[in-house]
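Enquirer: Quick paste of what TrEMBL says about this protein:
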DOMAIN    602-668  domain 'CBS'
DOMAIN    699-757  domain 'CBS'
TRANSMEM  69-89  transmembrane segment
TRANSMEM  157-179  transmembrane segment
TRANSMEM  199-220  transmembrane segment
TRANSMEM  227-244  transmembrane segment
TRANSMEM  256-280  transmembrane segment
TRANSMEM  329-352  transmembrane segment
TRANSMEM  372-391  transmembrane segment
TRANSMEM  443-464  transmembrane segment
TRANSMEM  476-497  transmembrane segment
TRANSMEM  517-542  transmembrane segment
Amino acid sequence: MSNGGGAPSSTTHLLDFLEEPIPGVGTYDDFHTIDWVREKCKDRERHRKINSKKKESAWEFTKSLYDAWSGWLVVTLTGLASGALAGLIDIAADWMNDLKEGVCLSAMWFNHEQCCWTSNETTFAERDKCPQWKSWAELILGQAEGPGSYIMNYFMYIYWALSFAFLAVCLVKVFAPYACGSGIPEIKTILSGFIIRGYLGKWTLMIKTITLVLAVASGLSLGKEGPLVHVACCCGNIFSYLFPKYSKNEAKKREVLSAASAAGVSVAFGAPIGGVLFSLEEVSYYFPLKTLWRSFFAALVAAFVLRSINPFGNSRLVLFLTWEYHTPWYLFELIPFILLGVFGGLWGAFFIRANIAWCRRRKSTRFGKYPVLEVILVAAITAVVAFPNPYTRQNTSELIKELFTDCGPLESSQLCQYRSQMNGSKAFSDNPNRPAGPGVYAAMWQLCLALIFKIIMTIFTFGLKVPSGLFIPSMAIGAIAGRIVGIAMEQLAYYHHDWFLFKEWCEVGADCITPGLYAMVGAAACLGGVTRMTVSLVVIVFELTGGLEYIVPLMAAVMTSKWVGDAFGREGIYEAHIRLNGYPFLDAKEEFTHTTLARDVMRPRHSDPPLAVLTQDDLTVEELQATINETSYNGFPVIVSKESQRLVGFALRRDITIAIENARRKQEGIMLNSRVYFTQHAPTLPADSPRPLKLRSILDMSPFTVTDHTPMEIVVDIFRKLGLRQCLVTHNGRLLGIITKKDILRHMAQMADQDPESIMFN
């Protein structure tokens, strides 16, 4: 492997900068990949310049301090904005979700729970009923009970659900098409170095914040946690423009976006450490140690702001935060925990295949041309089917909270309606658990129906043209399955307490099985099966519950779900959507096991026209422009001459165009027949020839090169680890061809028996 045959040593600067850099050179077009090596070199050059000047005056020293602290300042602002927006979204979504069922007459801005806080007329069994809160049937018909009131409430529920969904999809379609979806596949792609202009802009932020509230309130099977990562990254992107260190360097900007994604998960789950690990494990492409510290700080600030806002009025960051688990788990319970992991893996594999098949069908048929109609249709089906079942009617976060909560003396949920264990004045102290009452059995049937409903609707909802997260629906599916398994185990332990397993492990007179714990493990398993997250997921769930003793069950379930899911396909839902959209993303988790060489992948192939190259000193401006106009390549290798084919460097198409336009504006005598040269000194020209144009400043003097016999396994690793856009192929110092990131993606698709053109972004 060589590093630019005939080029200077690596100690020289990447670019031969002019005293006055050409404006626009070094920037990127939309839907192009950044050059990480070039961006890092630019940043080092900038840093050297600041350090060399800081001793010249107090002003230069102050500028150096500002530069050093700007990173911490931008992540602080990002954390503050993310926490504030998350609090606003939580409060608004909670209020609008309850608006579907009724309204608080004493204070319109109160949701159902807040409305009844000050009431003295609530009962223990019906603590959510108070005179201040009126259902729509009471307001319109004047009656709270009966078939007429049920139908009226049913109708109003559907009306509000459709109104919210319609408003959300219209706002997205008209003002910010990038505000749809979860945003995590695109953020992963952007963090890998791809440019999608407007995706993290102010319009996207504003519309995503508004429509996320509407989408969640519409009752669709989606969550706000994934889109909160997109919202936080929008904040990070906007604030990075306040600091030249980040606004003028795409690689540095991505460090801020990594920290922003950590802040997004921090406010989504109230899990700052889980947020940092999520950024590291799931979304970030380049994650140096400095970014780790800043991500931690951004997550801390965001969580602190959300805690100060206190959106749920219970001093907790998340609605389904549960800290009341203190009962131990027993070794035999690992069997149902692992079975829940198997269920999570199977659900994940099934969901990915079904959802991708539906999204592909949406893209390839006329149905995809009517996004508003599709959202209205899915919202209508969801509302009609969800209302009769109390577990699908309620907010998904509230459902998860109810499933996670252990049954205690203060719980009035149907899931906690066990038969009394008292016989006269004496309890059945030799039986560890409690027999289920009619309420529990009814709840089991309703949960089974809710499970089927959630599985089907989530497949069709994820990918709609509204903000839609996948974390909460996946956790809800796992929590329902886990609670069902937990109650089944609890009843087994009650009716068969003399079995060897229960007799050996369960203490007499104590609760042996905790159904809420099974819900928690099931939620983690299903989310792991869909996203293939491991470490960050366990830490997020651990931070949600505060139960250190449950880390082993969580780890067992999450790892099992990953292994089972990987058996059907190694990519998670976000990687699958990246591939579906054709983003140029080289997944670090994907192994390249083929034995091809660089010459098998490079262009030009045998049937292709020769490689488009520029010579270092014998082209005219007219010939150079003709080469640019006749080709669509993003850059051109510069060689000594057509005969020698010895490599000098690499020049980008955009930089050449900008440099020529700039020269015509600022330099007199530049004509179509002016000689263009990339060398240090101008070539010898006749006396009557027009002024030559020097373009050495835009030339990359050390393009990365490999020989034609380099194994593609090594080439792929180089592209992944250095973030290259292209790599030149040489043989004995002579230029043979070029390999771009898209060539590698095409080759990998071909090797996997996929259509190589299907992975290109459109």
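Placement of Cβ uses the backbone N, Cα and C atoms for every residue, glycine included.
Remember, TrEMBL labels are computer predictions, not curated facts.
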Enquirer: Excluding the flanking five residues on each side, which residues at least 6 beyond the ends of the transmembrane segment (517-542) place their CB within less than 8 Å of a CB in that stretch?
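Expert: Sequence-distant neighbours of the transmembrane segment (517-542): 265, 269, 271, 273-275, 277-278, 280-282, 322, 325, 327, 329, 336-337, 340-341, 343-349, 351-352, 400, 403-404, 406, 470-471, 474-483, 485-486, 489, 548, 550-551, 553-555, 557-562, 564-566, 570-574.
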Enquirer: How about long-range neighbours of the transmembrane segment (199-220): same chain, 6 or more residues beyond its ends, C-beta under 8 Å?
Expert: 85, 88-89, 92-93, 96-97, 99-100, 157, 160-162, 164-165, 167-169, 171-172, 175-176, 178-179, 183, 186, 190, 227-228, 230-231, 233-238, 257, 378-379, 382-383, 386, 393, 395, 457, 461, 464, 466-468
Enquirer: For the domain 'CBS' (699-757), jot down how many residues DSSP puts in helix, in strand and in coil.
Expert: 24 helix, 18 strand, 17 coil
Enquirer: Please list, for the domain 'CBS' (602-668), how many residues fall into helix, strand and coil according to DSSP.
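Expert: Output for the domain 'CBS' (602-668) reads 24 helix, 17 strand, 26 coil.
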Enquirer: Is the transmembrane segment (157-179) packed against any residues at least 6 beyond its ends, judged by a Cβ distance under 8 Å, and which are they?
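Expert: The answer is 96, 99-101, 186, 196, 198-199, 201, 203-204, 206-208, 210-211, 214-215, 217-220, 371-372, 375-376, 378-380, 382-384, 387, 393, 464-467.
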Enquirer: Among the recorded stretches 227-244, 256-280, 329-352, 372-391, which has the greatest number of Cβ pairs closer than 8 Å to the transmembrane segment (69-89)?
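Expert: The listed stretch sharing the most Cβ pairs with the transmembrane segment (69-89) is 227-244.
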Enquirer: Let me spell it out: take the transmembrane segment (443-464), skip the flanking residues so only those 6+ beyond its ends count, and list any with a Cβ under 8 Å from a Cβ in it.
Expert: 169, 180-182, 220-222, 347, 351, 354-355, 358-359, 362, 371, 374-375, 378, 381-382, 385-386, 389-392, 399, 413-415, 417, 470, 473-474, 476-477, 480-481, 483-484, 487, 573, 577
